[in-house]
Amino acid sequence: MHQDQQQSLFQARIIASIAATILSLACGTNYVYSAWAPQFAERLKLSSTESNLIGLAGNLGMYTLGMPIGIFVDHRGPRPAVLGGAIFMLFGYFPLHQAYHRGSGSVMLMCLFSYMTGLGGCMAFAAAVKTSALNWPNHRGTATAFPLAAFGLSAFFFSFIGAVFFPGDPSAFLELLAWGTFGLTFGSFFFLKVHHEQAEYEAVPASDETPSIPSTDPQQLRAGSSDEPKPYRSSRAEDEPDIRGLALVRSVSFWHLFVIMAILAGVGLMTINNIGNDAKALWKHYDKNVTDEFLVHRQQMHVSTLSICSFLGRLLSGVGSDFLVNKLHASRLWCLVVACAVFIFAQVCALNIENPQLLGLVSGPSGLAYGFLFGVSPSLVAEMFGVRGLSQNWGFLTMAPVISSNIFNIFYGKIYDQHSVVGPDGERFCSVGLECYRSAYWVTLISCCAGTGITLWAIRHRHNKYLRAMDKGDEED
């Protein structure tokens, strides 16, 4: 009987995980912005700064309301957030498609619609991550790695479909984003459920090595399911931390994560939003006869490179962080050190590459580092502060890039505009190659170095905290 229940529970969780992964493919479409932004700006005669503001609005939609959305998901369950996300993404992308089709539109309104696309992605993605973390309490790093990886692959997924079926047609591509994101999200709604286990009687801890993880012995637990993420109950649930609200704000470890996330995510978002401009600037300088169709293809290629590498980074850091903790007994924070190192490499390449054929050395490592950052962060939040408040705590943490991405993206836009020339028909272009944006990458390089120092400091702080806890335990014994 118990074995049948466990088998049924396992199958139900697998289905929910597949739904969470498919849903997440629709949530990261803000990162495909560089594939259509240059042509969108050209058709509507927008400056680089205005174009960056529209892209930035999408990022703000993803991050600014993360905490209230997280609280909503924690209390109401994942499914209502999925429905809301589907609607916001549809009514965000479709007006942008219409604006391109007409060739005109208010910048403020386009920022609003872009914000809606990010907000919709945030709502649906919070539901996917929460469901995965609750369904697999013993393997959170691996479980959350799949929706996180799919989120990173989202840009490649849509960019590839656009390149195959709508080559060189941004209007059709924006319509694809509108209906594609809605379809994937709404379709996943019916299968995204939390399947939790309830103790039949008081469980005995199975191991001393994982005190923060509840027991899942099939002889001790029976399966249940619910649309709402009820707290996992066992005799060991009390050992799991539950830090949120004001207690979270008072945590030094949280502010370490917050500052690291602000720096590294801001650096990554600058390249993600502007890799299309990088490619355009270098190719216009490298080959005066380059065609618009060729530029669109190269921009989509770099967006795909970013997306695939982000996918790999998220998958590797999620699974790798579990390996670090369970096998090497090391901190998951070392994954952030890897992210810092790869980001530094990408910034150095961006400062020196003048040949556009080598620009993949910027887009690839940037995507990989960004993936490492976001692949391990939810597991860090769950491990340090508990899974019960995961969505709201994760939402609070994702507010970190709001200020930094504003600074980096607007600074990039100002630098690019300073080197741009306005043509007689209102079109803006920059023909000086690397110098169009080089100064922006000096700022991000210095920021990455600072982020590395803070990450190493956080590892030392956490290690010292662990030693103090061990000493206290020995004294009590």
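Glycine residues also receive a Cβ, built from the backbone N, Cα and C atoms like all the rest.
The shown structure was predicted, so the numbers you read here are calculated from the model rather than taken from an experiment.
The following features are taken from TrEMBL:
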type     : residues : note
TRANSMEM : 12-33    : transmembrane segment
TRANSMEM : 53-73    : transmembrane segment
TRANSMEM : 80-100   : transmembrane segment
TRANSMEM : 106-129  : transmembrane segment
TRANSMEM : 141-166  : transmembrane segment
TRANSMEM : 172-192  : transmembrane segment
REGION   : 203-238  : region 'Disordered'
COMPBIAS : 209-223  : compositional bias 'Polar residues'
COMPBIAS : 225-238  : compositional bias 'Basic and acidic residues'
TRANSMEM : 254-272  : transmembrane segment
TRANSMEM : 333-353  : transmembrane segment
TRANSMEM : 359-382  : transmembrane segment
TRANSMEM : 394-412  : transmembrane segment
TRANSMEM : 439-459  : transmembrane segment
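Between the transmembrane segment (333-353) and the transmembrane segment (439-459), three or more CB pairs separated by 6 or more residues in sequence fall under 8 Å, so the two stretches touch. Away from its own ends, the transmembrane segment (172-192) comes close to residues 15-16, 18-20, 22-23, 25-27, 29, 32, 35-36, 78-79, 82-83, 85-87, 89-90, 92-94, 96-97, 100, 117, 120-121, 124, 127-128, 131, 158, 161-162, 165-166 of its chain (Cβ-Cβ under 8 Å, at least six residues beyond either end). As a quick check, the transmembrane segment (106-129) and the transmembrane segment (394-412) clear the bar of 3 or more Cβ pairs under 8 A, pairs 6 or more apart, so the two touch. Fewer than three CB pairs closer than 8 A are found between the transmembrane segment (439-459) and the transmembrane segment (141-166), and contact between the two stretches is not assigned (pairs 6 or more residues apart). Most Cβ pairs under 8 Å to the transmembrane segment (254-272), among the stretches 12-33, 80-100, 141-166, 359-382, 394-412, belong to 394-412. Of the ranges 12-33, 141-166, 359-382, 394-412, the one with the most Cβ pairs under 8 Å to the transmembrane segment (80-100) is 12-33. Scored on C-beta pairs under 8 angstroms, the neighbour of the transmembrane segment (394-412) with the top count among 12-33, 141-166, 359-382 is 359-382. Panel annotation: around the transmembrane segment (359-382), residues 129, 133, 140-141, 144-145, 148-149, 151-152, 257, 261, 264-265, 268, 271-272, 275, 278-279, 282, 302-303, 305-318, 320-322, 332-333, 335-336, 338-340, 342-343, 345-346, 349-350, 353, 390, 393-394, 397 of the same chain, lying at least six beyond its termini, place a Cβ under 8 Å from a Cβ of the stretch.
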